[in-house]
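Enquirer: First the structure, then my questions, so here it is.
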Amino acid sequence: MKKIAVIVAGGSGSRMKSAIPKQFLFLKNKPILWHTITAFTKAFDDIEIIIVLPASYAEEGKKIADSFSTPHKIICINGGETRFRSVKNGLDLISEEAIIFVHDGVRCLVSETLIRNCYQQALEKGSAIPCIAVTDSIRIIEGSKNKLLNRENIRIIQTPQTFISKLILPAFQQDYQSSFTDEASVVEAFGKEIYLIEGEEENIKITRPIDLIIAERIIKN
Ligand SMILES: Nc1ccn([C@@H]2O[C@H](COP(=O)(O)OP(=O)(O)OP(=O)(O)O)[C@@H](O)[C@H]2O)c(=O)n1
Ligand SMILES: C[C@](O)(CO)[C@H](O)COP(=O)(O)O
């Protein structure tokens, strides 16, 4: 089956508080976004990639895309105000049947194994959403009180969130809801079941300055 990765890198990175959006910061002499794209090009020779960029950094993003050689087809497109809009802009370029990966441009430590596992499960079940268990105690705030939750039932959700095209493309025709934090929430709101898959501890989202320090320690290439 055809494979298409929509790599969303259209955000501003406000929590990182850096001078440029975090996806363009360097890790081991290469932009974070370059490492993320590399993971997908290594996972599959025949993958097509759509990179979603902030309009004001379209040129920087294009330069990174151009640094990859064929046979990988890489298309760049501008993002939008919300993650939903950015993902939708990428998905709007897809009309054929495919397994579609939606991945955060700032999860640059994702492994080729996880990408391939997501592909396989999405092929079999329609979706593959990587997740990891919680290792801290978890409490929910209820007004002025708080209550312990059973952490056995809690999962931390990652990307690549992977779907068969006939599931994700119609789901993104819905109107935006502020509760949409990821693609699984969009597909679920469309009334479809979501299938989880084991994620990876190292597959962190570079969000705050501390995450960059952690990524520096973990990254291999
Ligand atoms: N309108 C948006 C918002 C986010 N993203 C992308 O979604 C991924 C995960 O989002 P997040 O870590 O929240 O990135 P930012 O929105 O850039 O960060 P912040 O929320 O701190 O501003 C990032 O690769 C980001 O570039 C996007 O493409 N378009
Ligand atoms: C999609 C995601 O990375 C899954 O963990 C997460 O929901 C993105 O959240 P953010 O607030 O947009 O960083």
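Including glycine, each Cβ sits where the backbone N, Cα and C put it.
Quick paste from TrEMBL:
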type: SITE; residues: Arg15; note: site 'Transition state stabilizer'
type: SITE; residues: Lys22; note: site 'Transition state stabilizer'
type: SITE; residues: Arg151; note: site 'Positions MEP for the nucleophilic attack'
type: SITE; residues: Lys205; note: site 'Positions MEP for the nucleophilic attack'
Enquirer: Let me know how many other Cβ atoms fall within 10 Å of the Cβ of Arg151 (site 'Positions MEP for the nucleophilic attack').
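Expert: Counting Cβ neighbours of Arg151 (site 'Positions MEP for the nucleophilic attack') within 10 Å gives 13.
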Enquirer: Using the alpha carbons only, what distance in Å do you get between Arg151 (site 'Positions MEP for the nucleophilic attack') and Lys205 (site 'Positions MEP for the nucleophilic attack') once rounded?
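Expert: Distance (Cα to Cα, whole Å): 21 Å.
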Enquirer: Looking only at Arg15, Lys22, Lys205, the recorded sites on record, which one has the least crowded Cβ, with the fewest other Cβ atoms within 10 Å?
Expert: Arg15
Enquirer: C-alpha of Arg15 (site 'Transition state stabilizer') to C-alpha of Lys22 (site 'Transition state stabilizer'): distance in Å?
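Expert: If we compare the Cα positions of Arg15 (site 'Transition state stabilizer') and Lys22 (site 'Transition state stabilizer'), the gap is 9 Å.
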Enquirer: Listed recorded sites: Arg15, Lys22, Arg151, Lys205. Which have a CB under 6 angstroms from an atom of ligand 2?
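Expert: Only Lys205 meet the Cβ criterion.
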Enquirer: Just to verify a number: CA distance, Lys205 (site 'Positions MEP for the nucleophilic attack') to Lys22 (site 'Transition state stabilizer'), in angstrom, no decimals.
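Expert: That separation, Cα to Cα, works out to 11 Å.
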